[in-house]
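Record features, source Swiss-Prot:
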- 43-59: disulfide bond (DISULFID)
- 77-104: disulfide bond (DISULFID)
- 1-32: signal peptide (SIGNAL)
C-alpha cells in the first residue's frame, strides 16, 4: 500500500511540474504577440473578469485605447476622456486573458512599437 501511495504521489508531482512549464512557454508567445502595441500610461487602469474588462482613464488628457487579449482578439479602439470608464469584453470562459490596455492612433490603428513601453 505504501508503495502505491508513494508512486501515485510521485506521478502527481511530475504532472504538476510539466504543466506550468508548458503554460509559461505559451504565455511568452502571447507577450510577443502583444508586443507590437504600446501600453497605456500608468494613469489608465484596467480591471478584467470573465465577462467585462473596465478601462478607466485617470489621466488629465484624452486617450484612444483598446484592450490586448492573449488570443489576439481584436476589439475596436475607443476614446476615453479624463475620468471615463470604458467597457470592453472580458476574458471569457475558454482560457483567454486580458494582457492590458493599449494605446491606439487617431485613425484607430495600433501605434508603432516602442519596446520600452510595449505590453509585456
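FYI, residue positions are counted from 1 along the chain as it appears here.
Each residue, glycine too, has its Cβ placed from N, Cα and C.
Of all Cβ atoms in the shown protein chains, 13 besides its own fall within 10 Å of the Cβ of residue 43 (disulfide bond).
The Cβ of 59 has fewer other Cβ atoms within 10 Å than any other of the disulfide-bonded residues 59, 104.
Secondary structure from DSSP puts residue 104 (disulfide bond) in a beta strand. DSSP gives residue 59 (disulfide bond) a coil state; it is part of no helix or strand. Rounded to a whole value, the Cα-Cα separation of residue 104 (disulfide bond) and residue 59 (disulfide bond) is 16 Å. Looking at residue 77 (disulfide bond) and residue 43 (disulfide bond), their Cα atoms lie 18 Å from each other.
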